[in-house]
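Below you'll find the structure, written out as structure tokens, and then a few comments.
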Amino acid sequence: MGKPIVAIVGRPNVGKSTLFNKLAGKRIAIVDDMPGVTRDRIYAEAEWLNNNFTIIDTGGIEPENDDIIVAQMRRQAQLAIEMADVVLFIVDGKQGLTDADREVAHMLRKASKSIVLAVNKIDRRQLDDNIYEFYNLGLGDPMPISASQGLGLGDLLDEVIEKFPEGNVEEEEDEYIRIAMIGRPNVGKSSLINKILGEEKHIVSNIPGTTRDAVDSYVETEEGKFVLIDTAGLRRKSKIKEQVERYSAVRTLASIENADVCILMIDATEDIAEQDERIIGYAHEINKAILVIVNKWDLIEKDDKTMKNFKDKLRTKLSFLPYASFLFISAKTGQRVHKVLGMAKECYGNYCKRIKTGILNDIINKAVLMKEPPVMGTRRLKIYYVTQIGTKPPTFVFFVNDPELLHFSYRRYLENKLRESFDFSGTGIKLEFRERKE
């Protein structure tokens, strides 16, 4: 299962963003300049007592206001509530209970979500009595907090994580490889999923934005069991006219976090765009297995060098992904579509790969004999041994005399030796260096 999602909702000016910033701290998890996300600070990672979760800040809900922008903000909040595992409903303890609070409470009850009610702006003990009128909302015990001063947040977070879904609720999904289809609007994500499923399950249209949210499709084939997640395409900031598009972007990012393999779909008839680089860069940063699919290959005039030249151009553009696997398809004609799940499974297998410690040390010892670490000052890096400490992605710890003696070029050399010796195509690998006294 992915990380739980907590939506912070309430009418305007009750302190939602203050609470969001307090919970997020400096742990904003989105790469800079992501469309409508980082700049607006609506999506971040938080942690409490070793429980990691995602928080979403929403625009203020004004139920009776028909202004277009306000209506869009209301729809944003509804989308966030739909996505959430827990809804954190914030009210203003100084202003007291309002009709708008009652309307929001009514909306939340209809959503049938786990709700935690927080009464904000209780900055001193004398104001504690202000919470009691909020029992009238019928949403359980109101919790007094001061987001600006950080008061009561520990008790609040205890209550929030208490309502997280149990980790084994969807245990059967562990058998499934989760694949997120990402890319700009209209590159053929839904068409590819429909081809794989053999049915018109998704709306397929040349109107960008027909996939508003991430949709999961379960499929079992000879290759294995898969969950295919079709996401809304990410656009350039200038094209995000509707406030609702922010939450499509958020949902795409959440889908990447919950995926094992990310498939970036690119239109062969168009150049790779900056937003393609950004979104797959995010998948790379959080260490997902990656497959790049070039769709609409049937529309390209080809000779025997076309595919190689196209792949070389992509490798240059995506230079931070030297390990990515590539596949050229046509979702429309079905060309090479039968290879998609097989290649995704290979990427996933490499993502989960474990190497025995003895074999690992043989490879590294030979690599050191072939090329000694460079001398820094009067000292040379010594590698005592290496062991694998994790998967998804494969993570290796090198125990050395002093990590400060490691030059970036030698780190790259060691990673290349591991990749030459073991197939890690389609996945990043992590190398850590720790000091061990002789």
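Glycine too: its Cβ is placed from the backbone N, Cα and C atoms.
According to Swiss-Prot, the protein carries these features:
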- 4-168: domain 'EngA-type G 1' (DOMAIN)
- 10-17, 57-61, 120-123: GTP 1 binding site (BINDING)
- 177-352: domain 'EngA-type G 2' (DOMAIN)
- 183-190, 230-234, 295-298: GTP 2 binding site (BINDING)
- 353-437: domain 'KH-like' (DOMAIN)
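ASN13 (GTP 1 binding site) counts 10 other C-beta atoms within 10 Å of its own C-beta, drawing on all protein chains shown.
When the binding-site residues GLY183, LYS189, THR231, TRP297 are ranked by how far their Cα is from the Cα of ASN13 (GTP 1 binding site), THR231 comes first.
When the binding-site residues GLY183, ASN186, LYS189, THR231 are compared by Cα distance to ILE122 (GTP 1 binding site), the shortest distance belongs to THR231. Per DSSP, the secondary structure of the domain 'KH-like' (353-437) breaks down as 31 helix, 24 strand, 30 coil. The Cα atom of THR58 (GTP 1 binding site) lies nearest to that of GLY183, taking the binding-site residues GLY183, ASN186, LYS189, TRP297 as the candidates.
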